[in-house]
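*Asks:* Just passing along the structure, written as structure tokens.
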């Protein structure tokens, strides 16, 4: 069983650390010599690298040819409705500019620093197919499908010359390298090469010796010799002084690229010195050397002899059926780049030795597998099967690639031995191939299936290979699985066979496994069981031990509602995981074949599955373009990662679960790293830092150091605490409605005087010292405060202070337009509210004034009533007194 010792705990987070995406889909390729030509360390690094421009999905891609990394595309920031389908481009010498021609019949001049179109010129009446700048970068020649050649002054944006001598589509235009001659050369599908003199504005020669379309033109160092080659397998050498043919060279292949080497080419110097030492006589005329690339897929170095040219060096063919479509030569770095028909870039040194291979376009990524090392150190390589007959071996650090050629149809599945020495591939050509990874050679071909092969797996125990007990299993669309014996590999381990003869691999057993296509095969870690999955919704477990009947059925796992796309044995437990088109993952017991757990969360078919973290977790990918991380014990999805643009056909995980690769229909390969420990460490550091900052903020408030408290509140991102501090600065601590803390603060930094204190005087210098990030955050928080009537006054005072203290240019630079728009609506509402309050305050004044006017009349009336009351009381008293006097009088 596999062990898990590199990590402890569960994974929670994965991040993409490197990506390999396509950057070339056929068409023109050109060096950009002026990219990063200014001073600076970064630009110096770019100078040392080869930067190329190439066509990519109707756009132009800027690529680092040394690493294969896409720097960016030309129309990346252009709106979809304004994008155009680009056909051809030309890089302007001595300027960081590039001209493109699209199907809308316009020429566009682009700035490679800002990636913006700076000039538009109307071009031909039909699409432009060829372009070239003159050596000075002033004139641009274009050739179109309207059979015409035009020359434009790129600075003044007008056409200076118009030639219509071609009788077919113009496919190539080239300026003479000498800027004083102003000669223009054009090729067309009328099989001619035409020469124009821009001074006389006329055609001065027409070369008609080619029997097919000329594909390349090149000039000698002195500028008096022209080399033209084409698909007629002939190279013509011309004297440009009298426009006559000097020599005709038979190339024996369709020539797609030809580059004349400079006289100071270092390897040629050493070769000349060696020839000079071997011969006493020295040639009076220096010979011309050139390199060709063509349909045979090899580079040839030609040397001029007495009356002809001969091949003096030929590259050893690396792969079969390889064809070159272009050849580029970097004069400063002395390196060649050959572009293949499969859209790959092969880089060669001056000895024509391949130094690197970069994949220009992957197409669909069907299968990915890590290639481990015997010492269990981190894997450096991984294998990829794409919509191609070649298996690609990629270096995960440099993304340089080697191709394993042998299959004649698309490779569907891959498997790698545990020690990383052997690789097996299954193809649509109905064969499986065994590859020696160290030599990159096919050592065995296995045939026997009647339909295409769809799945393959290899023994999981490294010790079985030297003993001759290893095997691999293939599944096919013919509904059968076959078990193949790898016993002949024992000779490879003991050194008894080291020749190029292929090993005799035979089938050990064959069984009709399913009622529909076999989609996946997996072998248990102890090599005792084989699992197969099919479109018939079933997973079957088969015996793989030689003691019993090979491929005898042990059990069937039923439960999926649609076809099963992937299966994987657990590295530690007696269980099996499966991924199905019913959007679910299931965990099965291999003892009673029952379903233990079901994982649901994908919104489309689940296409790939892998165990991670010592079998405690699962990683899955699906047609929804998502990678999901599942914890088996909790039956929950820990995380979902969305980095792909289309369905993800395959994922692969290293043995220690520290790295993962994924690829799919978007032609992008992502390399992921487990960032769980790193993120937890960063989270703990942030938590500790936050605690210290909060304590510092509390101490600043206790000491009434409000200015320092503002800085700490910005660092913590506490908008409410910041609001309270600003409220204290504006109103003073004694008038605060919401005290900052329960302490009795005595602000010593600011002397509050109700008669002389002005908040703007205090806040102005403070706001002016804010960084752009803090200023932008403050404006966003102020926008929220401004929505509340209770907090709006603080926001309005701060806004007034900012507008007075910060120049408008700086506010525009940090992008506060949206924030200001949010301020305007609520500020208008607050203004109208205050205006209504002011109006109502005048009513109060009116009522008070009116009441003051009525006060004298009210006083007089009150006194009159009081007098009347007193008079009435006096009358009553008098009456009573008279009554008493009368009573006493009667008594007497």
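Heads up, the Cβ atoms here are built off N, Cα and C, so glycines get one too.
Remember, TrEMBL labels are computer predictions, not curated facts.
Pulled from TrEMBL, these are the listed features:
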type	residues	note
REPEAT	121-162	repeat 'WD'
REPEAT	163-206	repeat 'WD'
REPEAT	207-248	repeat 'WD'
REPEAT	404-445	repeat 'WD'
REPEAT	446-487	repeat 'WD'
REPEAT	511-552	repeat 'WD'
REPEAT	557-598	repeat 'WD'
REPEAT	599-640	repeat 'WD'
REPEAT	641-682	repeat 'WD'
DOMAIN	694-851	domain 'U3 small nucleolar RNA-associated protein 13 C-terminal'
*Asks:* Pop the mean pLDDT for the repeat 'WD' (446-487) in here, whole number is fine.
*Replies:* 92
*Asks:* Same chain only, please: residues at least 6 beyond the ends of the repeat 'WD' (557-598) with a C-beta under 8 Å from a C-beta of the stretch. Say none if there are none.
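*Replies:* Same-chain residues near the repeat 'WD' (557-598) but 6 or more away: 1-2, 4, 516, 519-525, 529, 531-541, 604-611, 614-615, 618, 620, 622, 630, 632, 635.
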*Asks:* Short question: which residues 6 or more past the ends of the repeat 'WD' (446-487) have a Cβ under 8 Å from it?
*Replies:* 374, 409, 412-419, 421-422, 424-434, 493-494, 505-527, 530, 532, 534, 542, 544, 546, 550-551
*Asks:* If we skip the immediate neighbours and take only residues 6+ beyond the ends of the repeat 'WD' (404-445), which ones have a Cβ under 8 Å from one of its Cβ atoms?
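*Replies:* Contacts with the repeat 'WD' (404-445): 319-322, 366-374, 379, 381, 383-393, 451-462, 465, 470, 472, 474-476, 484, 486, 488-489, 492, 500, 502-505.
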*Asks:* What parts of the chain pack near the repeat 'WD' (599-640), using Cβ distances under 8 Å and only residues at least 6 beyond its ends?
*Replies:* 2-4, 7, 9-14, 562, 565-568, 570-573, 577-587, 646-653, 657, 660, 662, 664, 666, 672
